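Chemist: One structure, pasted below without further comment.
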Amino acid sequence: MSSSVITRIGSLVTNDPALGEGPLGLLEDAAVVIDGEHVAWVGPSAAAPAADESYDAAGRAVIPGFVDSHSHLVFAGDRTREFNARMSGQAYTAGGIRTTVAATRAASDDELHANVARYVAEALRQGTTTIETKSGYGLTPHDEARALRIAGDHADEVTFLGAHIVAPEYADDPAGYVDLVTGPMLDACAPYARWVDVFCERGAFDGDQARAILTAGAARGLVPRVHANQLGHGPGVQLAVELDAASADHCTHLTDADVDALAGGRTVATLLPGAEFSTRAVYPDARRLIDAGATVALSTDCNPGSSFTSSMPFCVAVAVRDMRMTPDEAVRAATLGGALALRRDDVGRLAPGARADVVVLDAPSHVHLAYRPGVPLVSAVWRRGVRESI
Ligand SMILES: [Zn+2]
């Protein structure tokens, strides 16, 4: 195992208040020592111990790699026309998912592998070093298990989302589809996933159906996470908190009781501004959640229908501009928040013992992620202690 030291970091986000100032644990003129896959030391640059290799950050900012805790990367096909139509005035509904289901079922394994690899690499170039991805465009036991096996070859975390929409073959028998998801499909998929997810929304699955699917998954050792309250008010958030889901995702339409539930439980509110951006919808109110005491994560929701971005810096910028988050809160939510939404304590922070996932920004401060929207600021990335060529 070799070691390396990153010196002369102008501003270092550790996400560890014990190491520096404020909730971000900010350090100025800092250094990070990497030993093998992990962070070995963090402190003042002048006091940095020697290492096998040295990298001079020359005053630039360093943050933990982004943790994208919500994406849908196992798909084929293209929905440019749907996006174009929506931007020309048509409303977004969950129905467009069927287009991607047909294309994904028809795709070869090689094609799906290539697609996932492409989007994971795209995310890495933008600073994402941990990524979750889901099934959900197969909707048969065979196609869902195939999607999860392919996802597991590329992503850090894999989620079974057989309950994305009711499969087209079951359009007239949604109860039959829930039986399929909680029976043969779960049998085929449970070995390949850590998480079980449901799109709990009008037009997809109601509260009772979502409860049946999440509890069946939990009985097989999968931990729940829920697509909740994206398109309107509904039972998703309350159900997520009740079942101690790791995350309630979207959280766009919340009652006061929903906000209180999130603030009182350990379920993370994962906000996905790319979805509102790409559907011209109203953004979730992050300020309301944070002020109530809820834990907030930011994620891309990268998918071909409603949020075709893999860019965490873009999500940070939108969250600051339109969701009333401060730059510090948004960067924390995109790193540590994502780690909490995945119940991981080895990523999302830069402290001794953490995974050495390090992002150097071509900027003096992490604030530039919001201050300079759309500018490719990521200039170097280490993942598991290895410098990536980006
Ligand atoms: Zn999603």
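The backbone N, Cα and C atoms fix where each Cβ goes, and this holds for glycine too.
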Chemist: For the Zn(2+) site that TrEMBL assigns to H70, H72, D301, which of H142, H227 is also named?
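Modeler: Among H142, H227, only H227 appears alongside H70, H72, D301 as Zn(2+)-binding in TrEMBL.
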Chemist: For the 4-imidazolone-5-propanoate site that TrEMBL lists with Y137, H164, Q230, S306, give the additional residue from the candidates R79, R81, R372, R383.
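Modeler: For 4-imidazolone-5-propanoate, TrEMBL names Y137, H164, Q230, S306; of R79, R81, R372, R383, the listed one is R79.
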Chemist: Taking ligand 1 as the reference, state which of the binding-site residues R79, Y137, H164, Q230 have a Cβ closer than 6 Å to one of its atoms.
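Modeler: Cβ under 6 Å from ligand 1: none.
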Chemist: Per 10 Å Cβ neighbour count, which of the binding-site residues H70, R79, H164 ranks highest?
Modeler: H70
Chemist: Out of the binding-site residues listed (H70, R79, Y137, H164, H227, Q230), which are within 10 Å of G305 (N-formimidoyl-L-glutamate binding site), Cα to Cα?
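Modeler: Matched binding-site residues: R79, sequence order.
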Chemist: Quick check for you: of the binding-site residues R79, Y137, Q230, N303, which have their Cα within 10 Å of the Cα of H72 (Fe(3+) binding site)?
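Modeler: Near H72 (Fe(3+) binding site), where near means Cα within 10 Å, the binding-site residues are Y137, N303.
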Chemist: Take the domain 'Amidohydrolase-related' (248-363) and average the pLDDT across it for me.
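Modeler: The predicted confidence over the domain 'Amidohydrolase-related' (248-363), as a mean pLDDT, is 97.
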Chemist: To see if you understand the setup: which same-chain residues, six or more apart in sequence, place their Cβ under 8 Å from that of N303 (N-formimidoyl-L-glutamate binding site)?
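Modeler: Residues satisfying the criterion: S71, H72, L73, F75, T100.
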